[in-house]
Amino acid sequence: MSAPSSAPSAPAKNAVTENDFLAPDAGQRPLGPTPSQSRFQVDLVAEAAGATEDKSPDSDSSTTIPSSDKAMVAAPPDCPGVDPGTGGEEAKGRFRVVNFADPTGAGSAASPEVEGLQNGDTVMSETSLHSSTGGQHHYHYDTHTNTYYLRTFGHNTIDAVPNIDFYRQTAAPLGEKLVRPTLSELHDELDKEPFEDGFANGDELTPAEEATAKEMADSKGVVKFGWIKGVLVRCMLNIWGVMLFIRMSWIVGQAGIALSCVIIIMATIVTTITGVSTSAIATNGFVRGGGAYYLISRSLGPEFGGSIGLIFAFANAVAVAMYVVGFAETVAELLFNVEANMTDKINDIRIIGTITVIVLLGISVAGMEWEAKAQIFLLVVLIIAIVNYFIGTFIPMSSKEHMGFFGYDGSLMWENMVPDFRDETFFSVFAIFFPAATGILAGANISGDLADPQLAIPRGTLLAILITGIVYLGVAVSAGSCIVRDASGNVNDTVSSQFMMNCTGAACKFGYDFSSCKRENNVCHFGLHNDFQVMSLVSGFGPIITAGIFSATLSSALASLVSAPKVFQALCKDNIYPGLSIFAKGYGKNNEPLRGYILTFGIALAFILIAELNVIAPIISNFFLASYALINFSVFHASLANSPGWRPSFKYYNMWVSLAGAILCCVVMFVINWWAALLTNVIVLGLYIYVSYKKPDVNWGSSTQALTYHQALTHTLHLSGVEDHIKNFRPQCLVMTGYPNSRPALLDLVHSFTKNVGLMICGHIRTGYRRPNFKDLATDQSRYQRWLLKNETKAFYTPVFAEDMRQGTQYLLQAAGLGRLKPNTLVIGFKNDWRDGDMMNVETYISMIHDAFDFQFGAVVLRLKEGLDVSHIQGQDELLSSQEKSSGMKDVIVSIDTSKDSDADSSKLSSKATSLQNSPAVQKDDDDDGKATTQPLLKKDKKSPTVPLNVSDQRLLEASQQFRRKQGKGTVDVWWLFDDGGLTLLIPYLLTNKKRWNECKIRVFIGGKINRIDHDRRVMATLLSKFRIDFSDITVLGDINTKPKKEHVSAFEEMIEPYRLKEDDMEQEAAERLKDSEPWRITDNELELYRAKTNRQIRLNELLKEHSSTANLIVMSLPLARKGAVSSTLYMAWLEVLSRDLPPILLVRGNHQSVLTFYS
């Protein structure tokens, strides 16, 4: 075997650098096999007699293959340095793996570089497949230059052993995805071309994956953080907010030590459960940037993720303003105390806040490394401030006693143990404290900047919750143990020993009487209740507490300023909200969202200028809580769905605990502020509805999908254990549409009465393939199922390969459906062209109806006088091509032969993929192995000239759309001539219940005797009223058995004349031979035997034209023909003459089991 002649050869002395190997010159032909080449080829070669070993110039230069392996790695004959005659004396029956020549001409000289690229037992090669769509190289395991694969487990095989790089979504260590040998490579016959469809594994990267691959390829030198700097530090800084220093003491004064600890523990329980849930989600696969949004969207889907992501990013942006205003207020107060204020207090806050947020923006934009360094510095300051406070509690000073600080004392602790609520309740105090416990997602929000998010997020988040919880409890207990609730600050409020009996309160023990503070109109400014700055008083050095307040506010502001753009960038990258995609762009090696920083800065500045955040603060807390609730619910939902893909490495979670956490978060939302909780829920619901309506084209394998599958499977199994009942009968239709868009009228009409009522399966039988391509079948199944969904048709597309139409129909009748969700009615289009093609097609067509009855199916035949099949008309379905294009699928270019005019349901094949009304007996050219030369209606060839439609095609197109329009006031005429169980009546009833048909009235026509017309009408009216089916009129036909007109009988006889056997005019043996070879021929005997039935069909057509020529739709009992007694041609002639020249007619025959009942 030789390599492709187009591959140039290169002298062995031309060495290339590693860069040349990995990045070929753009001017050269793309590397890898063309669609007509394989990445490897296996040939039968002779076995070398006495050969011991051979070396391949294209393989690793140090690799030799022992003769015991009896395998050869050979270069193409046109490669220099290789003797084409090598192995000429080899014995038959052995294999060798032959490599194509390197198109760059460097293949034979690349051995040293290839050796350098080895990764364990694998090697990267540029002879891998080249993408035909993106121009991007995808490096594969080069199975022919790597002897490991030739000797896997001691066998000559190209099968690959398990390797992590096969499971990566985008990037491998060298920056590209690695692909294992495909099933086609390992399994297909030797003359098959496994790469004719592009990628080796049939997978093309989505635009999002391509973007990620590019991003990963450019990720060298990116700053990544460990769990301490990336998560622990951030979470601790965010949780230790300003609340620790200026509100914790007040909370102890109000709730007492005991209830304060309860409040802290309750808040910690909520955050711990959320932290555990976050850890579970974060360890269930690789986590990219986006924090809470990424975790929720990948777990619950884009609807929840998109709605929560937007408000979470907004909440972080406004939180920047909230923390900066807290900082500015403290600075403004200090300036006011030293009389250094610039203007009034509000404007000072605005000026200081604006300057602060600009400085913070500068630190953020400078890069994550600078921001991380700033956070470390702020944490050090914060820890010093906390330690300073605890040291101060052990240093009682008499100068501080008149302000309420007496040091640790048992009686003081006992007095402060119980609550003393003043204008507050337990829940209002809890609402004030809870925002101090939030901030647990600060580390997760920069998940894209973590070196190992799966390790860092659980460890850092949970440890931060533990440390901060202990510190909060320590501050609460210590403050309550050494500070009284009220103190006047007056050094003269002492009590002498003689008045000690009248003194109440723990301060009396230390010689102070602060009882005056409890009198009305006497306001004290010190103590737990009154002084927000009491921690500064207690601390060893007061200014350090002020520095701690600055550190707490600035660190939280900085964390929020970084989190908001990162989350927003991830949201915009997923294109959930198309208008926001401009914010997806990142800059620099860290992919910094500079546009997001500017937007966050703008939002923060706007709220800083308001300077009054008391109204917005509870909304922000509720936004965070909504995120926590959904993270908890995500874990519960994923566990409930029982998806095999839900297997987090963090095992310390419980689905019911997570559900309790989600409920707790919702409860806390309403406890904090009920109107803010309602507003949050309304906003989340509104965004959820919007995203659901827009239906973003993403598939993240969410637990919502998993649960949907789980429920569908459970209900289907449950349904299978329930016996059928007449009241629950639904027409479940197997509709032989071929390609779903080939027969729009058939599809639309059946969908009209099955939508939201019964099952609809679009069956497609593909015949005439010498070697069926099952991969194409699977691709078509996916493509057309998507088309049905885009077209809002609630149906399933099921194609099958078969020898002929009848066999294919039998396959579908037996195997289509699942459990109780199986078809019970076969729906086909009328074969308008039955007289034009091979008459064996008619035999096959009628046999399909017989088979349906044999399987106890009902049968429905739709006839439009214009025809049904529109697949031969160019460009009639632009909708499909535009939808396919928008979903990123490859469009199949088709050019339909329109040189001949024919009936819409002609036997002429517009595709080798034969569908129902195409004649199976048309001769096919098998030179192309039966591959479909066209696939109807996928996309019109834009280069081919537009052929003007002829009159018949114009009418056909108009007729094919008629069931998509509202029908208006008209009639559906039901000719219920024979009782088939009620299907003939049920279908029009279901039809007229639909919006398009609800203005149409049902008219019922029945057969009867002339002398009993009124009686028959009353009997039928009674039956219909018992069935609760509305009707406008009942017509009893007493003249069905009247002889038809002679000209109509003559026309019928003229029509069947070519198909008669005329056995009376030949010898019996010759007649039998002819009947055996052409079973469709009509014998004189059967024609005479069924003369009355023939006349009835002709007469019924006359009556139909008389009574129903203006009906919107005619539904009529399908005449039956006894199998084996009536030839297929005679039966076809009956159907032809019965339904000729009429409005749309539906011939219906149930399986003679009742489908209607009047019992409750």
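Don't overthink the numbers, they just go from 1 along the chain as shown.
Using N, Cα and C of the backbone, Cβ positions are placed for all residues, glycine too.
Look at TrEMBL and you will find 1-12 (among others) tagged as compositional bias 'Low complexity'.
According to TrEMBL, the compositional bias 'Low complexity' annotation covers 59-70 (among others).
The feature compositional bias 'Polar residues' is assigned by TrEMBL to 119-135.
According to TrEMBL, the compositional bias 'Low complexity' annotation covers 907-916 (among others).
Per-residue pLDDT, averaged along the domain 'Amino acid permease N-terminal' (142-194), amounts to 58 for this model. According to TrEMBL, the domain 'Amino acid permease N-terminal' annotation covers 142-194.
Per TrEMBL, the feature domain 'Amino acid permease/ SLC12A' maps to 230-734.
The domain 'SLC12A transporter C-terminal' annotation in TrEMBL covers 743-1160.
The region 'Disordered' annotation in TrEMBL covers 1-90 (among others).
The region 'Disordered' annotation in TrEMBL covers 103-138 (among others).
Look at TrEMBL and you will find 900-951 (among others) tagged as region 'Disordered'.
Long-range contacts of the transmembrane segment (225-246) within the same chain, counting only residues at least 6 positions beyond its ends with a Cβ under 8 Å from a Cβ of the stretch, are 271, 323, 326-327, 330, 368, 372, 375-376, 378-379, 382, 385-386, 433, 435-440, 442-444, 446, 449-452, 455-457, 459-461, 463-465, 467-468, 471-472, 475, 532-533, 535-536, 545, 548-549, 551-553, 555-556, 559-560. Per TrEMBL, transmembrane segment is recorded for 225-246 (among others).
The transmembrane segment annotation in TrEMBL covers 258-287 (among others).
Summarising the annotation, TrEMBL assigns transmembrane segment to 307-328 (among others).
The transmembrane segment annotation in TrEMBL covers 349-368 (among others).
According to TrEMBL, the feature transmembrane segment maps to 374-395 (among others).
The feature transmembrane segment is assigned by TrEMBL to 426-448 (among others).
Scored by C-beta pairs under 8 angstroms, the transmembrane segment (374-395) has its highest count with 460-484, from the stretches 307-328, 426-448, 460-484. The highest tally of CB pairs under 8 A with the transmembrane segment (653-676), across 258-287, 307-328, 460-484, 623-641, is held by 623-641.
Segment contact holds for the transmembrane segment (307-328) and the transmembrane segment (623-641), given three or more CB pairs below 8 angstroms at sequence separation of 6 or more. Of the two recorded stretches, the transmembrane segment (460-484) does not lie close to the transmembrane segment (349-368), with fewer than three CB pairs under 8 Å once pairs fewer than 6 apart in sequence are set aside. Within the same chain, residues 225, 230-232, 234-235, 237-239, 241, 243-244, 247-248, 251, 254-255, 259, 263-264, 266-268, 270-271, 274-275, 278, 282, 287-292, 294-295, 316, 368, 419, 456-457, 460-461, 464-465, 468, 472, 556, 559, 562-563, 566-567, 570, 591, 617-618, 620-621, 624-625, 627-628, 668, 671-673 sit at least 6 positions outside the transmembrane segment (426-448) and bring their C-beta atoms closer than 8 Å to a C-beta of that stretch.
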